[in-house]
């Protein structure tokens, strides 16, 4: 009976979106790819460059933050704010109440920006493209599950 209960718990855990094991993996891989302070600006700009390669129309969404010069201080600062928020959310994946409050706050901020599901999907593709270039091994399934948790929390 004890084995059956443990097995049932493992099945539930494995079927959960962004389960505990996936959370640990994503946190570890994010820390490796996001790197240290001196590398974060380049990493962040690379993420946005890839976003614009995937969805060129999204570039217009950033006209107010200096996107015309992707190496400008204004655009770099914006990129760092976005990846800083992503860093914060990834660190909260195992803290349901905290991440839910943070996602609700970010959803409120993004509601007025006329974003749709395709914008969040494109950012997810950019993450899935850039993060692995900084790793020896990348778990696409775990990242897909955990990014979906974040994106759906912001986009509603």
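Note that Cβ sites are derived from N, Cα and C of the backbone, with glycine treated the same way.
What Swiss-Prot lists as signal peptide is 1-16, and the listing cites experimental evidence.
Per Swiss-Prot, domain 'Globin' is recorded for 17-156, and the stated evidence type is sequence analysis.
Feature annotation from Swiss-Prot assigns disulfide bond to 18-146. With a cut-off of 8 Å between CB atoms and residues at least 6 apart in sequence, the same chain places 26, 93, 142, 145, 146, 148, 149 near residue 18 (disulfide bond), listed in sequence order.
In the three-state DSSP classification, residue 79 (hydrogen sulfide binding site) falls within a helix. Of all the Cβ atoms in the protein chains shown, 26 others lie within 10 Å of the Cβ of residue 79 (hydrogen sulfide binding site). The feature hydrogen sulfide binding site is assigned by Swiss-Prot to 79, with a curator's inference given as support.
In the structure as shown, the Cβ atom of residue 110 (heme b binding site) sits within 10 Å of 15 other Cβ atoms. Residue 110 (heme b binding site) carries a helical DSSP state (H, G or I). Here Swiss-Prot flags 110 as heme b binding site.
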Euclidean distance between Cα atoms of residue 110 (heme b binding site) and residue 79 (hydrogen sulfide binding site), Å: 15
Composition by DSSP (helix, strand, coil) of residues within the domain 'Globin' (17-156): 112 helix, 0 strand, 28 coil
